[in-house]
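*Asks:* Sharing the features that TrEMBL gives for it:
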type	residues	note
ACT_SITE	E181	active site, proton donor
ACT_SITE	D319	active site
DISULFID	C394-C423	disulfide bond
ACT_SITE	E437	active site, proton donor
ACT_SITE	E497	active site
BINDING	T583	Ca(2+) binding site
Amino acid sequence: MFSNRRKRLAVILSLVLIFVLYLQWPAAQDARLSWARPSPALPQENLEDGKFHWSKVPQQYQVTSFRSVPKPFRSKIPKIQHAFPAESAKSRAIRLSRLQAVKGNFTHAFKGYAEHSWLHDEVAPLSGNSLDPFGGWAATLVDSLDTLWMMGMHEEFERAIHSLDKIDFNTCSLEEINVFETTIRYLGGFLAAYDLSGGKYSALLHKATEIGDMLYKAFDTPNRMPITRWNFKDAAGGAIQTAPEVILVAEIGSMTLEFTRLSQLSGNPKYFDAVQRIMDVFYEQQNRTKVPGLWPVVVNARDLDFTGHGGFTIGGMADSAFEYLPKQYLLLGGAMEQYHELYDGALKAMKRNIFYRPTTPTQADILFPGVVDSDGKTPVDELVTEGKAEHLGCFAGGMVALAAKVFNNPADLLTAKKLVEGCLWAYESMHQGIMPEIMHLLPCEDPSNCPWDEAKWHDAVNASYEEWLPTPVRVENERLLPGLIKIDDRRYILRPEAIESVFILYRITGDPALPDRAWRMFNSIVANSLTDIAHAALDDITVPNPPKADSMESFWMAETLKYFYLIFSEPDLVSLDEYVFNTEAHPLRRPTTSWW
Ligand SMILES: *[C@@H]1O[C@H](CO)[C@@H](O)[C@H](O)[C@H]1NC(C)=O
Ligand SMILES: *[C@@H]1O[C@H](CO)[C@@H](O)[C@H](O)[C@H]1NC(C)=O
Ligand SMILES: *[C@@H]1O[C@H](CO)[C@@H](O)[C@H](O)[C@H]1NC(C)=O
């Protein structure tokens with residue numbers, strides 16, 4: 001009897017064991033996934049060729065144990081994209097003609113770059129001069145690789161691939177490099193081009209690893225926090241490094257996607273390990289800052305103290321640190337709840353202290369992300385949000401929309417729509433159909449009831465200038481439109497954030513009005529910025545024929561034109577269910593779970 005029972009127990013235990021093994025089995029097959037192993041076509045870097053190699057520079061502060069990239073969590077993430085119905089012949093014809101116009105303008109700008117500034121960072125679109133503000137490593141070319149591929153410009157893509165070995169990361173046009181910009185533009189650019197072209201071009205992964213190894217050296221500090229404005233020549237020479245006390249939160253908080261993808265593709269966990277250490281600090285500090293949930297724009301990486309500074313924004317200098325939370329969750333295939341928690345805490349605080357509804361003559365039900373200062377003593381519910389509206393902040397609608405799908409919070413989609421409508425309102429109401437870099441609006445006292453009151457608007461205008469002028473004169477001089485308090489920066493520098501969010505919202509909701517509105521944005525931008533050589537940043541979008549600046553940043557072709565192209569493409573071109581975009585619009589392949 002007794003032994004019988006033991007036998008039965010043994011049988012049951014064996015069955016349980018077999019079942020557990022069965023459950024584990026697919027995970028054991030991970031090696032089949034392309035992200036989990038180095039590309040088989042990848043020849044090893046020849047480290048003994050007598051040349052300088054970043055991977056051979058010794059680390060002063062060695063990491064002894066690396067955290068490996070967690071395996072994607074099976075089928076945890078809901079479908080993101082809208083199920084688009086078949087289109088009519090008429091709407092297809094319209095869509096294709098718009099697509100062609102975007103590609104035509106991209107081709108024009110790329111030709112200008114190729115003819116005047118090949119392998120330089122930027123072409124100056126008026127003079128045709130070449131500029132090298134990002135190290136002189138062909139920033140525009142690297143940033144444009146994946147756009148070339150998407151637009152089917154394979155000849156130009158191949159030509160670019162063949163020039164890659166001319167990009168030499170051992171020489172640099174600068175004394176100090178910006179680690180964040182280098183990560184999002186170059187590392188992101190190589191990785192996305194590699195992913196998008198199906199892993200066929202191993203030179204791209206080589207380049208990514210080369211620059212990844214260079215950037216990894218910036219993390220060689222006692223607490224492994226990176227130096228973000230980095231003298232890499234000193235570092236190569238063996239200088240002792242310490243993370244700075246003053247660091248912009250965006251620059252330290254938005255390298256997770258690129259470093260994680262590099263670990264996934266190369267099979268080397270050290271890159272993921274490096275950025276995960278940063279995010280563990282973000283996690284530990286999140287509820288201790290002066291606005292719990294958010295991290296201030298300036299943080300102290302030397303002492304791992306993010307609680308000192310009192311200025312909070314999700315616009316410039318902070319933006320992508322927030323954007324990367326749901327995106328990193330996606331890239332990890334839902335494997336780390338930590339990113340979910342980080343985002344939830346941040347969003348809650350944004351809704352409370354950052355997002356505001358501005359007062360407009362039409363009582364538009366829209367939102368902008370503003371800024372808030374805290375002394376750490378005033379209760380967070382009593383803090384006053386400043387009605388700043390930055391073009392850089394226009395990414396927020398896309399972030400909230402994406403996260404609403406990823407974390408299955410349909411109510412947040414409404415918040416996302418209001419944020420997207422905010423930036424569309426700015427484009428659609430401004431003088432030349434383009435939103436300026438920075439302006440101020442008047443936040444409603446009660447967002448649920450926000451009547452237009454011209455006297456109140458005038459008071460607010462009057463109060464925001466030092467020297468006194470009769471308000472109507474002020475409004476005329478400053479070319480203020482009703483609702484605008486101040487236009488702090490009248491430029492439009494070819495930025496992408498507004499169309500980025502319109503694109504993401506469109507792929508999620510399928511709202512057919514969005515491509516029409518995107519088309520008007522595109523026409524306004526192109527009509528004002530076109531030059532013989534390429535397209536130029538605008539100095540003042542509040543006057544007719546805005547004067548042009550001799551500048552075209554690489555994000556024009558990497559991001560702005562790419563998002564315009566994608567909104568007029570078939571929705572399965574770079575689907576949000578397959579890719580996640582870094583903050584420079586470089587799509588990284590999400591781990592697939594279809595093998596389950
Ligand atoms: C650029 O876009 C405009 C629409 O704004 C279009 O009319 C024009 O043909 C495009 N340029 C090229 C070279 O395709
Ligand atoms: C921060 O607070 C939120 C509640 O607002 C909580 O859900 C979260 O777990 C906290 N984070 C940490 C790291 O304790
Ligand atoms: C504008 O503000 C000044 C004080 O800064 C005040 O003296 C003046 O009356 C205000 N004018 C209007 C028209 O509100």
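Any Cβ shown, glycine's included, is placed from N, Cα and C.
Help me picture where these features are in the structure shown.
*Replies:* Within 10 Å of the Cβ of E181 (active site, proton donor) there are 17 other Cβ atoms, across all protein chains.
In sequence order, A250, S254, L392, G393, F395, T583 are the residues of the chain that are 6 or more apart from D319 (active site) and have a CB within less than 8 Å of its CB. DSSP assigns D319 (active site) to a helical segment in the three-state reduction.
C423 (disulfide bond) counts 29 other C-beta atoms within 10 Å of its own C-beta, drawing on all protein chains shown. DSSP gives C423 (disulfide bond) a helix state.
Secondary structure at E437 (active site, proton donor), taken from DSSP and collapsed to helix, strand or coil, is coil. Proximity of E437 (active site, proton donor) to non-local residues of its own chain (separation of 6 or more, Cβ distance below 8 Å) is seen for E390, H391, L392, D488, D489, R490, R491, Y492, I493, R495, given in sequence order.
Counting every protein chain shown, the number of other Cβ atoms lying within 10 Å of the Cβ of E497 (active site) is 26. Secondary structure at E497 (active site), as computed by DSSP, is helix.
The secondary structure of T583 (Ca(2+) binding site), as reduced to three states from DSSP, is coil rather than helix or strand.
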*Asks:* Sorted by position, what residues of the same chain at least six away from C394 (disulfide bond) have a C-beta under 8 A from it?
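*Replies:* In sequence order, the residues whose Cβ lies under 8 Å from that of C394 (disulfide bond) (at least 6 apart) are L419, G422, C423, M435, E497, A498, E500, S501.
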*Asks:* 10 Å Cβ neighbour count around T583 (Ca(2+) binding site)?
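*Replies:* 27, counting other Cβ atoms within 10 Å of T583 (Ca(2+) binding site).
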